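Asker: Got a structure for you, written out below as structure tokens; questions coming shortly.
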Amino acid sequence: MTTSPIRVRIRTRIQISFIFLLTHLSQSSSSDQSSLKTDSLSLLSFKTMIQDDPNNILSNWSPRKSPCQFSGVTCLGGRVTEINLSGSGLSGIVSFNAFTSLDSLSVLKLSENFFVLNSTSLLLLPLTLTHLELSSSGLIGTLPENFFSKYSNLISITLSYNNFTGKLPNDLFLSSKKLQTLDLSYNNITGPISGLTIPLSSCVSMTYLDFSGNSISGYISDSLINCTNLKSLNLSYNNFDGQIPKSFGELKLLQSLDLSHNRLTGWIPPEIGDTCRSLQNLRLSYNNFTGVIPESLSSCSWLQSLDLSNNNISGPFPNTILRSFGSLQILLLSNNLISGDFPTSISACKSLRIADFSSNRFSGVIPPDLCPGAASLEELRLPDNLVTGEIPPAISQCSELRTIDLSLNYLNGTIPPEIGNLQKLEQFIAWYNNIAGEIPPEIGKLQNLKDLILNNNQLTGEIPPEFFNCSNIEWVSFTSNRLTGEVPKDFGILSRLAVLQLGNNNFTGEIPPELGKCTTLVWLDLNTNHLTGEIPPRLGRQPGSKALSGLLSGNTMAFVRNVGNSCKGVGGLVEFSGIRPERLLQIPSLKSCDFTRMYSGPILSLFTRYQTIEYLDLSYNQLRGKIPDEIGEMIALQVLELSHNQLSGEIPFTIGQLKNLGVFDASDNRLQGQIPESFSNLSFLVQIDLSNNELTGPIPQRGQLSTLPATQYANNPGLCGVPLPECKNGNNQLPAGTEEGKRAKHGTRAASWANSIVLGVLISAASVCILIVWAIAVRARRRDADDAKMLHSLQAVNSATTWKIEKEKEPLSINVATFQRQLRKLKFSQLIEATNGFSAASMIGHGGFGEVFKATLKDGSSVAIKKLIRLSCQGDREFMAEMETLGKIKHRNLVPLLGYCKIGEERLLVYEFMQYGSLEEVLHGPRTGEKRRILGWEERKKIAKGAAKGLCFLHHNCIPHIIHRDMKSSNVLLDQDMEARVSDFGMARLISALDTHLSVSTLAGTPGYVPPEYYQSFRCTAKGDVYSIGVVMLEILSGKRPTDKEEFGDTNLVGWSKMKAREGKHMEVIDEDLLKEGSSESLNEKEGFEGGVIVKEMLRYLEIALRCVDDFPSKRPNMLQVVASLRELRGSENNSHSHSNSL
């Protein structure tokens, strides 16, 4: 059978097609393999840039494996399409050129790593990207101008928490048709957005836009309404001013609008409520809005969170609004001027969890039907209002309540027993009202209660025994009531009790020793009662406790310290959340006191492992007997107030061991004997009052005691010495017979020498040996005598400090570890000689970290020696490591560390001596009373620039970066060229590393220079340093100290300067000495005084300083920006160092 030609042709074609298909598949496979190999090489190239991979994420990135098997890599169709290494903790100096050839990559996620990555590298990414997430990845620089137009396929961009600077690129919204999510939050972007073109066609896909946490300024652009599908808009924490555009009401799909923490003004536009029916979250807090709350907000029926706090909104709160808010969960209206009756319609908010009406002018009564209407309510905050009436018993029907704060109102009646039904209640705060009656026993049912703060009321009766069932209680304050009976000993069973305030009541009986069992007690105030008996020694033997997690967490405290004798006790501790500081001036019982608000923050203690009481006030009672020696075991004690009792005996020597003690008042007692010499060691002591006792003998002349006013030692007939009249010299004669002893000794030596010669003639070999031994012994005796004499001089009367070196062998021979050749052979003995035994005459300063002495060396050069405060622990290894690090830091605007030395328990640092002393002394006059030097504008500007450059170097050029923590004018020293040198950098870190017991206030800065956020958290930051140098800059410009009650009243230099700026009175901030200079011909020759070039420069300088002291850290510039801004001022560098333009 023959095959037809047609079949042959068909078979041939099939064969040819099959061969072609095999060839194509082979070529395609070869191409895919090649592309995959290229992808692998790109990823491995990126891996070589990684210097640290703590979680070994990249351990399986190997040439032997397919890149599709690499951790964090996803492939599709044999190509790499997604890289996700977010949160891996990778670090290194990287570039995106490694990813350029990944032409199938669509998703790149590298957030939360520690790269050093220049923003220009963004332009090296593949054009195929649709999703880019690089938050917290170390990006620096400006956003590239053509980035958004080049990557027009991007759907989502997240670049938050980096260090972008400069303005937003002009093409941001021009080529973003596909872009749905853009997050540039928490960078350092500046400039306005009002000039950006936002066409409707390019912004139509945008649903999420976040520019928060930058320094963007100007008004909010109307053209944002072209983003018609926008669901979330966040412009918070910027510098926007002007009004909210009325056109925002056209954003009909908007669910979240956050404009908080800006400088917006005007009324809240009613249009927002007219059309935003989908709005769920509205945050307008921390602005300058005025007017009333628009009733049109009632249209936002889906609203879940409404935050209008910290504005100047006035008028009554519209009742109709709350009736429409069926979904509302959070309502924040604090710190406004809202008046009228407390809104009764709040009971209609069935889902409401948090209601904060603090610091307004609400009046009327708390609605009786508040509960169970608002059955979900967890926090009810009403402090600092004008609310009257009683606490409604029905409040117990809000069973979810955790916090009730009714402080600073005009409530009366009694505490309803029904409050015991609130089983979840943690805080019941109602201080300063007119609440009367007894404390209900039902309080004992509150097993979760942490804070019971009822001071300044009219409570009577005794503390009920049921109260001690509240086993989780942490803060109890019944101060300034009319409570009676004895202080219950059951306080000792409260294992979490930290603050106990029972002062100014009618308690009788003795102080229960059981209080010493409270392992976490740090604050005990029993002043102004009728307590008798002795101070129980058991208090001083309080067992230390490890830190308890969450102790007093969430509390905002203020310590109102009394000054003078107008009020009893040292002061009072109050819960200050939601209360304006100026309200303290309006409280009658406090207004009669001369007081200063000394501290506010979350907690006054670090609760160290060896924690004991920090504040003890037993004044104004009828206590007898001796002050127990065990008080000296309270190693954390900072305030000890024992005045106006009937205490007798001597002051215990052990009190001088309380190295953190800052206030000690034992006045108006019957104390006898001498002031212990150990008090010389109290380096933090700022107030002592021993007046009206029977003390005798000299006041210790070393340490702080002789520097305090004489009034604090008055009416002690036998007391003498500075600051009182000199003591009669009856027992200070030098020992007799010293010279005779020396002559006898020399005679003996001469006789021995003669005998040696005779013996040498007879037995020459033996005489040589004896002579050598004898010479060595004599030299050793002489050296020992000289050493003893020199060491004795350290403890002599003229020595300005105390020493602990007795355990050190041959201390005088110890070398000073130095970082400069010319000081290589320096020994401790030479430092003693150079300071005349560290005498008071050689002391040139003292501060929180120790005393400073001027030492003149034998070659005529001078150095400064800082003797650090004596630390409680021996951290030799940490000390030496820190010194070696600090010794390597060199910059022309830093005071260089030349060397260091450890002798016994003492640590000495050797610095270069600065001829003109500190900026504080130059600005405000030296303490010696000499005439102060008047600084001109060019000198002041030069000093400000130098100090900024020094701090900038610490922040940005040191590895690791150094946060100063205590930047102030006394830590800016001036060399022979009047060049500013920052000193004491690294000290706070050193001290805190070596001594965990040191008070927080010592390590967190100096009053007047401390940024507001430090009072909410003890975490020191670089932006905190920026605030502090901003204060120094204001100090330079104004010539005023940062704190001065006579000058600023209840505010400080920062608050006063901001007020003058708001009022348009900028010129009043400038120092009068500069204005005198400014009125001269050199300033106003051509343009007139206020229009003069230099005056304009001063005002620009003021603007920079005010930016540094912004209340919000995110709005402050970093030090690179500060230096750049100061550099833009009309330069004086041409007259000084030619290199002053660089760091």
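Cβ atoms are placed via backbone N, Cα and C, with glycine included.
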Asker: If Swiss-Prot marks one of N60, N288 as N-linked glycosylation site, which residue does it mark?
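Answerer: Annotated as N-linked glycosylation site in Swiss-Prot: N288.
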Asker: Just to confirm what the record says: which one of N681, N1134 has N-linked glycosylation site annotated in Swiss-Prot?
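Answerer: With Swiss-Prot as the source, N-linked glycosylation site is noted for N681.
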Asker: Between 68-75, 708-715, 852-859, I'd like to know which one Swiss-Prot lists as motif 'Cys pair 1'.
Answerer: 68-75
Asker: Could you pull the average pLDDT for the topological domain 'Extracellular' (32-756)?
Answerer: 86
Asker: Using Cβ atoms only, which residues of the same chain lie under 8 Å from T835 (phosphothreonine) while being at least 6 residues apart in sequence?
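Answerer: Listed in sequence order: S842, F853, K854, A855, I865.
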Asker: How many helix, strand and coil residues does the repeat 'LRR 15' (424-446) contain under DSSP?
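Answerer: DSSP composition of the repeat 'LRR 15' (424-446): 5 helix, 6 strand, 12 coil.
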